[in-house]
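Student: Straight from TrEMBL, here's the annotation block:
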| type | residues | note |
| --- | --- | --- |
| COMPBIAS | 1-12 | compositional bias 'Basic and acidic residues' |
| DOMAIN | 66-555 | domain 'Major facilitator superfamily (MFS) profile' |
| REGION | 1-34 | region 'Disordered' |
| TRANSMEM | 63-89 | transmembrane segment |
| TRANSMEM | 101-120 | transmembrane segment |
| TRANSMEM | 132-150 | transmembrane segment |
| TRANSMEM | 156-178 | transmembrane segment |
| TRANSMEM | 190-215 | transmembrane segment |
| TRANSMEM | 221-240 | transmembrane segment |
| TRANSMEM | 260-281 | transmembrane segment |
| TRANSMEM | 287-310 | transmembrane segment |
| TRANSMEM | 330-355 | transmembrane segment |
| TRANSMEM | 367-387 | transmembrane segment |
| TRANSMEM | 457-477 | transmembrane segment |
| TRANSMEM | 532-550 | transmembrane segment |
């Protein structure tokens, strides 16, 4: 039997010979790579079916330290995504820039989404640890500049810088975990990372409100710095296994452009930006039927066609290889994450509004009331990850997730102003457990069903789908809520101006509405929120369809027994 290093060499030669004729020029300008040696077992009595799995992984303290710090990095990333929401009113007061409100969040989102696929390509060509630290450094620089911002323009630019850094953190963390842990154990570690990282998204508004109220909104960004410094310090002390070919000679600019598909990036970035701007501006700054929004959608469609033609012509050297997009497991995983994350964000954003506007509690109490969702989601994310590693199959968990999350979100859409504590706790637990059960399944599917050298790109696509899903469904939710509230007010509080209610905000309308009309306004708010929760339930139900496309695969390690010669 051939040794693992011989198999890897044979695989390298075979893949080189199978490349398209059109890639001859690209190969000639590509500098040589050196494959990190793979160590084999002394005994060949029990060997793994794939030589790529014969690897020295991290163990003990080093392993847990790496998992811990990359989880912290992902936590502060998602915390930073959500924390600014409650700080924006104070920021606008300090900078006297109400018209710039939308850009505080969108500049971050646009920069992150535009660079995410390129980040995946970078992880396939360069050392995962140093690539991750580079993205982390850019993110921390952006956070520092946000904390030091002197005016609105500086804050917007700083948020864009932080967004650029964020584009490579989640897929980088998952790549590092994939390099450090055997395949059959990754599900539990991925579940741990995603469960705790998602807490940042859920706790962001609560922490942001507390810091803004009791200290300063600038601390919403200062808190990222010590966490990032700790992550960098520990990663610098630990050598991360590298599972892809690494560069041994300096790149020329020509080879750098061709390897990373820079032209593809310059086609993809404006395409993404036009789509996200149309989604964010539509129904708010501009009407959906306005020339601006229609123009953005047309530009997005035209650029998408050009981008697809370019990527197909590039073959396996493309930023997003065409062969990967055609795989059912890839596009089903991406669509599953898109619908899953969209439903997740709708619940986290609008359930907080329900507690504050309908139940009349403070932002801090609203965060406490959301704990059933947080804890049940975290518990099931870890539990499902462990059980996938033990039982071997991820598909059942994705299906179970869609069933319970759609059920939970449907039940949440029945909330009324008089819903009792036991009911809203129980319904949140059902929805949270459903979301947690499927949280990491698209990632596990990608890690197990595509070639190792493409895993980073695959995970970057899932991360992009997550960002796109959040933007898409929050735009739908905002449009739905904005359209439903005036109609509900006309029914339940006909004498109240919807403009007055909207300008007062979810937590301020009680102070400006006459007491005799308050109950009707609360009822109108409740009805409008229920319309939004229908969207979350529908998105979760759609996950049931795409879950089946991820494939029925046993991810447990398989061994063959050889008879010694």
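Just so you know, glycine gets a Cβ as well, placed from its N, Cα and C.
Quick one: where do these features end up spatially?
Tutor: The list of residues near the transmembrane segment (63-89) in space but at least 6 beyond its ends in sequence, with Cβ under 8 angstroms from a Cβ of it, reads 57, 101, 104-105, 108, 132, 136, 139, 143, 159, 162, 166, 169-170, 172-173, 176-177, 180-181, 189, 192-193, 196-209, 211-212, 217, 220-221, 223-224, 227-228, 230-231, 234-235, 238, 240, 348-349, 363.
Counting residues 6+ beyond its ends, the transmembrane segment (132-150) has Cβ neighbours under 8 Å at 70, 73, 77, 80, 119, 157-169, 172-173, 175-176, 218-219, 221-222, 224-225, 228-229, 231-232, 235-236 in the same chain.
Counting only same-chain residues 6+ beyond the ends of the transmembrane segment (260-281), those with a CB under 8 A from a CB of the stretch are 102, 106, 109-110, 113-115, 117-118, 121-122, 125, 292-293, 296-297, 299-300, 303-304, 306-307, 310-311, 314, 317-320, 468, 471-472, 475.
Long-range contacts of the transmembrane segment (330-355) within its own chain (CB-CB distance under 8 A, at least 6 residues past either end) are made by residues 82, 85, 198, 201-202, 205, 324, 361, 363, 365-367, 369-370, 373, 398, 401, 405, 409, 412, 415, 428, 431, 435, 438-439, 441-443, 445-446, 450, 458, 461-462, 464-466, 468-470, 472-474, 476-477, 481, 506, 525-526, 529, 532-533, 535-537, 539-540, 542-543, 546-550.
Within its own chain, the transmembrane segment (457-477) has Cβ neighbours under 8 Å at 109, 112-113, 116-117, 119-121, 123-124, 167, 170-171, 174-175, 275-276, 279-280, 282-283, 319-321, 324, 330, 333-335, 337-343, 345-346, 349-350, 442-443, 446-447, 450, 532, 535-536, 539, counting only residues six or more beyond its boundaries.
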Student: What residues elsewhere in the chain lie close to the transmembrane segment (532-550), defined as a C-beta under 8 angstroms and at least 6 residues from its ends?
Tutor: 328-329, 331-333, 335-336, 339-340, 342-343, 346-347, 350, 394-395, 398-399, 401-403, 405-406, 409-410, 412-413, 415, 434, 438, 441-442, 445, 449, 473, 476-477, 480-481, 484
Student: Short question: which residues 6 or more past the ends of the transmembrane segment (101-120) have a Cβ under 8 Å from it?
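Tutor: Distant contacts of the transmembrane segment (101-120): 80-81, 84-85, 88, 91-92, 135, 152, 155-157, 159-164, 166-168, 171-172, 260, 265, 268-269, 272-273, 276-277, 280-281, 284-285, 319-320, 456-461, 463-464, 467-468, 471.
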